[in-house]
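Structure first, then comments.
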Amino acid sequence: MVFKMSEMDIIKETYEKIKNMEIRGAGRIGRAAAKALKEYALKISHLNEEEFKNKMREAGNILISARPTAVSLPNVVKYVLKGLNEENPKERVIERADEFINSSLKAIENIGKFGANRIKDGDTILTHCNSEAAISVIKTAYDEGKDIKVFCTETRPRNQGYLTAKTLYDYGIDVTLIVDSAVRYFIKEIDIVVVGADAITANGCLVNKIGTSQIALIANESRVPFLTAAETYKFHPKTIVGELIEIEERSPEEVAVFEDKYKGIKIRNPAFDVTPAKYIDAIITEVGLIPPQGAWYIIEKYFGWLEK
């Protein structure tokens, strides 16, 4: 993607960081997009209203294209840019960006409180990847004085689980890091699974880091509760009318780089998979716990502002 305007630098920088996973996690991605739109709006506020709107929409489309699976991106961009249709659009876009950032941080806090209610003293928790929301649940349970242990999967190929393990260890929590393929071996030691979410569909399916669906299947087989922590802006409104979520496939070089002799070996690297609703015990949102079958209600209630 080619960027020509110096004023577009903040959009370019944010796009590249999201695309290259320097900024990772749906919540962080959403806040980064809102912040970039705010800064860009301030830079181009000297333009007339029509030019301002066109430039903001262009910037929004660029950001959305960075990660096709992360529904937080289009939802956040649409939320912020809805200000273009209101009185004083320049001011409203900036205000709506701030509103989203503040509400997103508050959502993480509330998810922690609701989710911690499902964690019992003495529980061993399994988590996957590097989710702010899931980490908030675990930290809150620990802050409540519960004696807990956490197993983190390494989360190949980018090893985001290392980040989670370090974060929880620094917080004082007992942490064990395991390879992704060892989940079934250790499931007998696990009391509850808590993961994050990149998207929730209208029928309650979970789109999350590759490997999540296998963990859910193993947990279901072993009768271990499987919960996903998801802010309401991660619910995908267009799935209610049958739109499918595109699963991003990333560079094969993230997995392995072979010498020339083996260049013919194909490598597939999907970043996400889909966990069916039947394997999910509850979705932890900032408004409370809901069954996966209630996802359509969240979309209907909280996405009235998402217009085509």
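Positions of Cβ are set from backbone N, Cα and C atoms, glycine also.
Here the structure is a predicted model, which means the values were calculated and not measured.
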In Swiss-Prot, R24, G25, A26, G27, R67, N208, K209 are given as binding substrate, so which of K90, K188, K234, K238 is in that site too?
K234
Simplified DSSP label at R24 (substrate binding site) comes out coil
Say we define neighbours as other CB atoms within 10 Å of the CB. Which of the binding-site residues R24, R67, K209, K234 has the fewest?
R24
Note: among recorded positions A26, D198, N208, least Cβ-dense neighbourhood at 10 Å is D198
For G25 (substrate binding site), what residues in its own chain, 6 or more apart in sequence, show a Cβ-Cβ distance under 8 Å?
N130, S131, E132, G196
For substrate, whose listed binding residues are R24, G25, A26, G27, R67, N208, K209, K234, the greatest C-alpha pairwise distance in Å
14
Reduce the DSSP letter at K234 (substrate binding site) to three states and note it down.
helix
